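Asks: Dropping a structure here in structure tokens format, bear with me for questions.
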Amino acid sequence: MTRPRPVVLIIMDGWGIAPPGPGNAADLADTPHVDAWMANCPFTTLGASGLDVGLPEGQIGNSEVGHLNIGAGFVVYQELTRISKAIADGDFFTNPVLLQAIEHVKQRNSALHLMGLFGPGGVHAHEDHLHALLELAHRHHLQRVYLHLFLDGRDVLPRSALGFLDTLEGVIARLGVGTIATVSGRYYAMDRDKRWERTGRAYAALVDGVGEKAPSARAAIEASYARDVSDEFVLPTVIVTASGEPTATVRDGDAVIFTNFRPDRGRQLTRAFVDPDLNERIRQHYERQKAEGQPLPATIWQRERQLRDLCFVTMTQYEEGLPVLVAFPPRYVTNPLAAVISQAGLRQFHIAETEKYPHVTFFLNGGREEPFPGEDRQLIPSPKVATYDLKPEMSAPEVTEALLAAIDSDQYDFIVVNYANPDMVGHTGSIPAVIKACEAVDAGLARVVPAILERGGVALVIADHGNAEQMIDPETGGPHTAHTTNPAPCFLIGGAGYGKDAIELRHGGRLADVAPTLLELLELEPSPDMTGQSLIVRRA
């Protein structure tokens, strides 16, 4: 049988598998093409959370972890598990980079600032790591330790911060160290889409003590709830003393430890602190936006001055070349899927819109920034809207057009595309919008799959984790905006020789089995470190 060309991996981001129900937007959506392929083509489900992707048991999956496992071809030991294991083993408390930050403030009699996403969400950060840093500060008898909490409400319930605050206040009371200085919704502190006006508001609270004011973190959160503002969108708020002064701000000579272990939403705020060329970078970004006819914010934020003698530690590497210290440096996947394809002399094409572009490039390629030889990439800009329920189709039509052009060019042996809609719209909690998001993906695939088949190619359609299939929280009955532990779909669409009569996809698989499956379709041998197994079982 002739090798199929192109082999296309289609990732329906956040489209998990769950029983039908009023909160299963993926099932409620009118998706005749996806429904037919799931019913009539070789189909299975894949483990996409917990131990299946190198996370703690029961931990929800996410896009970074998912794409890393998909590309690696083996279960990748995730940073959450890696850091938590270091805490359990005691290695965390002798980490040389963390100790360097401790020594920095001791020598200068300055302050240590701990900032990051707050709570047990486990996608970007985990409260256990913050608690361990407080324990470290306690062991070294630090007095001036300030916390800057970025409220979640997305990977956890929308209004869950007060419960996490109870836990944190208990830890602070037990250890006798730590004072909360600011709180901010992740919408501001963790923007990743170059909306610098949001980052600027978070930075102003952290460094200048400018923003909303509240006498305590609890008061700040309760005031936001009273205005019907959930955790994710809490305005950057400065906790003030009885005299109205900021409890603490980040100053020259201080040390900062950014507790996020996932890179993508930590980069922008980190740049605000450490990038010497920040203002020029921001200016050029908005000049490009203006030239492209895109709307500009009412005011363009610029950093007034860069802090001096600042020891800035990130828990993991957020980006190559950032002038920071890294507590847990990367351990690269050396031979990911893209490398094997490149080494075979084949051409490949990676495409997604902005929100998922790092996932089909950096994460899929094992943490490598640069493309491999023979690898082309295309970034489709995500729409500039406040939240994606306002435009649930996002940029799926534009992704589809560019993908069709790549298929029609007949240049590529392998193509990977990510449709961001089910996940990004899923995070808004709006069931009608998520239904439209899933329908937008179905409409795109209705055009893409026939083009693949016409050229003698095959499509392997998967998800990287669940989200859209569970929009109602089973405990509260309210909106569920987080990822899930549900399995991901996996189905193979091809011509003669690839139907149910010739092939089945084995059960019990996980995301790490996707790369070996694709390499079998490409008639290539997996790299020696790929311990995943092809899902394809050929019938006799």
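Backbone N, Cα and C atoms are what each Cβ position is placed from, and that goes for glycine too.
Here's the feature list from Swiss-Prot:
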ACT_SITE  Ser63  active site, phosphoserine intermediate
BINDING   Asp13, Ser63, Asp464, His465  Mn(2+) 2 binding site
BINDING   His124, Arg154, Asp155, Arg186, Arg192, Arg262, Pro263, Asp264, Arg265, Lys356  substrate binding site
BINDING   Asp423, His427, His483  Mn(2+) 1 binding site
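Help me picture these features in the structure, burial and contacts included.
Replies: According to DSSP, Ser63 (active site, phosphoserine intermediate) sits within a helical segment.
The Cβ of Ser63 (active site, phosphoserine intermediate) has Asp13, Gly14, Lys356, His359, Phe363, Asp423, Asp464, His465 as same-chain neighbours under 8 Å, each 6 or more residues away in sequence.
Around His124 (substrate binding site), the same-chain residues six or more apart in sequence whose CB sits under 8 Å from its CB are Gly116, Leu117, Asp155, Arg186, Met190, Asn260, Phe261, Arg262, Arg265, Gly266, listed in sequence order. DSSP gives His124 (substrate binding site) a coil state; it is part of no helix or strand.
Secondary structure from DSSP puts His427 (Mn(2+) 1 binding site) in coil. Within the same chain, residues at least six positions away from His427 (Mn(2+) 1 binding site) with a Cβ under 8 Å of its Cβ are Arg154, Tyr388, Asn467, Thr481, Ala482.
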Asks: To the nearest Å, how far is the Cα of Pro263 (substrate binding site) from the Cα of His483 (Mn(2+) 1 binding site)?
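Replies: One finds 18 Å between the Cα atoms of these residues.
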Asks: Where Arg192 (substrate binding site) and His483 (Mn(2+) 1 binding site) are concerned, what is their Cα separation in Å, rounded?
Replies: 19
Asks: When the number of other CB atoms within 10 A of each residue's CB is tallied over all shown chains, which of the binding-site residues Asp155, Arg265, Asp464, His483 has the maximum?
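Replies: Comparing the binding-site residues Asp155, Arg265, Asp464, His483, the most crowded Cβ belongs to Asp464.
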Asks: Taking 8 Å from the centroid of the Cβ atoms of Asp13, Ser63, Asp464, His465 as the cut-off, which other residues in that chain fall inside it around the Mn(2+) 2 site?
Replies: Ile11, Gly14, Ala48, Gly61, Asn62, Gly66, His67, Lys356, His359, Asn418, Asp423, Ala463, Asn467, His483
